[in-house]
Amino acid sequence: MTLLSGANSVGYPSQMPAKRISWRRLVALLPNSIGLSLKPVTPHLRDLHLVQRRLQDDFLGCEALWTIFMAAAWSYRYRTRLRPFPSHWNTIDLVFNTLGDAPRLEVLQQQLMHCDYQACSPNVVRLLTDILVDQADRVSLSSLRPCEFQELYAHLGMSPPKQPPTQIFEVRTGKGNEKGEAYASLRQENKESVRLGFYGCKLEKVYALLNSQNSLDNGKYLELTCDINEALARSKPQAGVGGSRCGSILRCVAVVEFVFQDNETSRDKKQVIIKDANTMQVSYLLLYGQSCNEYAMERQIKLMAEPARELLNWLERYHKKAISLGVGLLIVSSMAHFGSTFFRLLARTGFYVFKRGIL
């Protein structure tokens with residue numbers, strides 16, 4: 001109710017008692033030119049509050065989880081990387097369009113702090129809820145402070161890596177995670193066989209590694225190493241999310257706990273092959289983030305120090321492909337006239353690649 005004072009016009013006493021009029025009646029009496037800011041009811045308001053709470057609890061953990069999801073979704077191998085596929089989405093095209101409309105999490109947090117609940121479309125809210133709330137109830141990431149890194153190394157019984165990570169996240173499994181419950185039961189029965197290993201990989205592989213129960217189907221396996229520096233060398237850099245606190249160029253090393261059950265090992269016992277996903281669990285994630293300028297400078301320094309190292313690394317790592325390439329170049333060169341200087345050079349190159357592949 002609104003209180004209106006008495007009028008002083010002719011015929012109306014100035015000491016008339018105040019008259020009450022309802023708010024609805026007052027709005028009806030106002031001219032149409034005076035607009036009132038009546039905000040519509042925001043859909044998915046409860047979901048936005050849940051997302052806001054997760055961002056407030058651990059912003060870095062949410063951003064890492066969102067970055068890992070985006071890396072898997074944008075991969076051309078999304079069919080194997082994005083597992084399980086978000087339940088409310090039918091096609092990858094719809095996921096792409098929604099990711100294109102989604103704001104940066106830092107911007108979203110500022111909008112929610114100022115009670116701006118109209119900035120995100122319903123699809124964006126639904127996807128944020130799926131990844132940061134529903135999916136995080138099963139597997140979530142908890143960020144560690146830099147001062148806790150040394151304590152973690154001592155707890156795991158490992159030497160600090162030569163290149164310190166920019167962020168470390170503890171992987172936590174929630175209730176209803178069947179994979180986590182199965183591993184916890186196996187771990188309890190085989191406490192003396194529990195081991196730790198390191199797995200360096202591209203960021204797009206981490207989503208399925210954390211969430212999928214069938215990540216090692218169809219003959220797939222993980223090759224773990226006991227040296228974290230070697231694992232980091234195997235991790236290929238991948239573009240992250242622009243403006244992310246995790247970094248623009250990211251490399252990832254997973255600290256994997258597993259139950260040793262007569263697994264295959266290398267001759268020097270430094271690598272272990274894991275073929276059953278139920279016998280392992282990712283305990284921590286180490287992220288190495290760089291800006292684009294830092295990555296370009298590092299790459300330029302490596303190329304200046306060893307100009308041909310990239311080609312030699314490729315030949316050593318993919319010797320089978322090198323043999324195929326060398327044979328192909330030899331065949332192509334043999335089809336031309338022997339007097340051609342170009343094809344002579346091509347033949348010599350093919351023979352060199354072929355020789356390196358065999359060696």
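Cβ coordinates are placed from backbone N, Cα and C, and glycine is handled just like the others.
Taken from Swiss-Prot as is:
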TOPO_DOM  1-324  topological domain 'Cytoplasmic'
BINDING   TYR199, TYR221  NAD(+) binding site
TRANSMEM  325-347  transmembrane segment
TOPO_DOM  348-359  topological domain 'Lumenal'
Cβ neighbours within the same chain of TYR199 (NAD(+) binding site) - under 8 Å, at least six residues apart: LEU222, GLU223, LEU224, THR225, ALA231, VAL253, ALA254, VAL256
Spatial neighbours, same chain, of TYR221 (NAD(+) binding site) - Cβ under 8 Å, 6+ residues apart: ILE273, ILE274, LYS275
Assigned element (helix, strand, coil) containing TYR221 (NAD(+) binding site), judged by DSSP: coil
Per-residue pLDDT averaged over the topological domain 'Lumenal' (348-359), given as an integer: 59
